[in-house]
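A.B. asks: Shown below is the structure under consideration.
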């Protein structure tokens with residue numbers, strides 16, 4: 001039965017497992033599409049326009065924002081990043097789900113956008129701050145200064161947990177993955193996401209009349 005797609009927002013402090021859960025979710029269901037962001041930064045070696053990012057000039061990006069063509073946007077280290085609305089709207093209409101791996105500010109903008117009714121938002125918490133610190137250090141890719149900055153930012157990010165529809169405490173990655181799948185499966189079955197249900201039920205009622 002046909003259904004309308006949904007916008008799945010996944011947010012967490014750095015190190016809580018958001019990116020790993022996102023990858024596992026799309027491996028479980030390849031039909032889920034990652035939102036491709038637009039950016040004004042220069043392409044890195046191997047990056048392809050339209051696949052990794054939509055690369056835009058600063059003027060093009062600002063014009064898109066002013067025209068209401070971005071679901072959310074922010075400036076990070078002198079470069080603009082944002083989520084173009086048109087590809088997401090097309091995916092929704094075709095019944096495809098779009099996954100946003102974004103922070104609470106981006107999630108807030110999308111929830112307040114014209115597509116807010118299609119949003120399912122999930123916040124991922126660490127089991128403890130000590131474990132969060134351990135996970136960041138286990139990556140062995142950040143300096144002490146970067147880790148300290150990420151930990152300081154985490155306190156602010158965690159303070160927004162109550163703005164989300166669902167909250168997962170990632171004590172065990174496999175369990176958190178299963179919980180994430182259950183949330184998505186249930187949300188896909190919501191009555192308002194199944195536009196063909198009315199006709200289906202009419203058909204059932206018609207069968208009563210022909211018995």
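Every residue gets a Cβ built from N, Cα and C, even glycine.
What Swiss-Prot records for 5-185 is domain 'Guanylate kinase-like', and it gives sequence analysis as the kind of evidence. Per Swiss-Prot, ATP binding site is recorded for 12, 13, 14, 15, 16, 17, 18, 19.
Burial and contacts for the listed features, if you can.
C.D. replies: For the domain 'Guanylate kinase-like' (5-185), the model gives a mean pLDDT of 94.
Neighbours of residue 15 (ATP binding site), defined as other CB atoms within 10 A of its CB across all chains, total 23. Secondary structure at residue 15 (ATP binding site), taken from DSSP and collapsed to helix, strand or coil, is coil.
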A.B. asks: Report the member of 12, 14, 19 (the binding-site residues) whose C-beta atom has the most other C-beta atoms within 10 angstroms.
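C.D. replies: For the binding-site residues 12, 14, 19, the Cβ with the most other Cβ atoms within 10 Å is 12.
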A.B. asks: By a simple count of other Cβ atoms within 10 Å, which of 13, 17, the binding-site residues in the record, is least packed?
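C.D. replies: Each of the binding-site residues 13, 17 was scored; lowest Cβ tally within 10 Å is 17.
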